[in-house]
Amino acid sequence: MGENAPPPPPQVVARPSQMPLGAAKGPIWTPTEQLHHLQYCIHSNPSWPETFVLAFQHYVVMLGSIVIIATSLVPRMGGDHGDKARVIQTMLFMAAINTLIQTLIGTRLPTVMTSSFAFTLPVMSIINDYSDRNFRSEHERFETTMRTIQGSLIVASFFNIFIGFSRAWGNFTRFFGPIVIVPVVCVVGLGLFARGFPLLANCVEIGLPMLILLVITQQYLRHALPRAHNILERFALLLCIGLAWSFAAILTEAGAYNNAKQQTKQNCRTDRSYLIASAPWIRFPYPFQWGKPIFRASHVFGMMGAAIVTSAESTGAYFAAARLSGATPPPASVVSQSIGLQGVGMLLEGIFGAAVGTTASVENVGLLGLTHIGSRRAVQISTAFMFFFAIFGKFGAFFASIPLPIFAAMYCVLFGIVAAVGLTFMQFANNNSLRNIYVLGLSLFLGISIPQYFVSNTTPNGVGPVKTDGVWFDDILNTIFSSSPTVAMIVGTLLDNTLDAKHSASDRGLAWWRPFQSRKGDARNEEFYSLPVRIREYIPSRFFYY
């Protein structure tokens, strides 16, 4: 019987159910298109009093770039403090016009337009051309330089107008995907690191307390004081600027910098801008205020290089602003029309005599994330403050005299927010794909490393590392490769669309991305990007839908 007995049944060993890695330790966050804790999105608005304070805060934040550019360029042109004040007024006036254009009929995103550092190298090239010439006065040299800048901006503006309204730029953005957008948006913030702590360190006793105070007040104190939570979250930046500015004024009046070096006085003292004394009480910027424009082909090409750079920088800022304001990624048609209108704005800047062209303000995009408010109305109302302070010069000069290290302290926070927002696009692609990691890593690294090489090898006179017999050619390459977003966009787009692109479409996140490429691809696109009704009646839809 023992030999004929059936074998014992096999023992069933219980196996633990397959669980995702880390599931036993905590939740796994699924990709979400809407950022958490966003209180007001693009078309929702806080109360009118809060909106006006937020608008003023946007004005103060965007002012720093204009003051830095004017302070750097105008003295090299031969201009005095009065000329610097008038240049600041003009750039502020044009920033208001361009912001209205973009928020009304451009991207419709809550983006402030401000002066761009990308034009510094072409402007320096113009300054160098006139440095060895004899003029009857330094003021004449200043006006001649400004007239040449005017002519160059006017001609170069048609390049942006062409690539925008011909849909060339929009068709180029169709090659983007989450893997391209991540490095582009990241370096839009990270690429501006030189305007952060290095500028703050020029007066560390003012800049560092401002940075620490902003972090403590806006992030920690609002939790300790629940009743003041919303006020501190939304307006802590203005409060900290006021405290740091007052502290700088006390140090100035107490004589703390009487025996300091000239550079320390320039960065720390509150009375070293000389803007309040030299600015006119009332002045309207008007067309050709510096005289008849001067057109020189060699300088026009350099400005065209800067126009390409501002297009890339603005595109990255638009995607960040869309994310922070609760909107869908801007369709290709929206991006293209915004670049075309940016060219129209550059044309107006050349006519009115601005020192540089404009781009989307990265710091104001970061402010959307800091305050958790992406309201378009707040940005539109901020243009009223820009117009007012551009016309009434004494009042505008008062705020323009804020020490630059205070601006640098808030840049450390605002630029960091924009850089971090770029990383959030990675959730829509396969994070575990080594192919994606390769494209992302190389784009990020070269997007920072290549511009750093060009910037570190550029002389104080604006002469870059590319040196050939054609100065215009040098200006184009030195300008393009000094821009982190432009380099990241070139490298990322090339790699993502050539490296096993067809077989990796799913890993690249294109299934999620493609519906946003056209206005009709996602039902929400019309909600966020449609033109105001009265404007839409006068503009044929064929210019905006494709």
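Yeah, the Cβs are placed from backbone N, Cα and C, and that goes for glycine too.
Residues 83-84, 87-88, 91-92, 95, 112, 114-115, 117, 120, 123-124, 127, 142, 195, 235, 237-238, 241, 273, 355-356, 361, 363-364, 367, 371, 378-379, 382, 385-386, 389, 399-400, 402, 404, 407, 410-411, 414 of the same chain, all 6+ positions outside the transmembrane segment (56-75), place their C-beta atoms under 8 angstroms from a C-beta of that stretch. Summarising the annotation, TrEMBL assigns transmembrane segment to 56-75 (among others).
Feature annotation from TrEMBL assigns transmembrane segment to 87-105 (among others).
Among the features that TrEMBL reports, transmembrane segment is placed at 111-130 (among others).
Under the heading transmembrane segment, TrEMBL lists 151-169 (among others).
Marked as transmembrane segment by TrEMBL: 175-194 (among others).
Annotation source TrEMBL lists transmembrane segment at 199-216 (among others).
If you look up TrEMBL, you'll see 236-257 (among others) marked as transmembrane segment.
What TrEMBL lists as transmembrane segment is 378-400 (among others).
Taken from TrEMBL, the feature transmembrane segment covers 406-425 (among others).
What TrEMBL records for 437-456 (among others) is transmembrane segment.
If you look up TrEMBL, you'll see 476-495 (among others) marked as transmembrane segment.
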Comparing 111-130, 236-257, 437-456 for Cβ pairs under 8 Å with the transmembrane segment (199-216), the winner is 236-257
Positions on the same chain near the transmembrane segment (111-130), where near means CB under 8 A and six or more residues out: 58, 61-62, 65-66, 69, 72-73, 76-77, 91, 95, 98-99, 101-103, 141, 144-145, 148-149, 152, 299, 302-303, 305-306, 309-310, 313-314, 317-318, 321, 342, 345, 354-361, 364-365, 379, 382, 458, 461-464, 471, 475, 478-479, 482-483
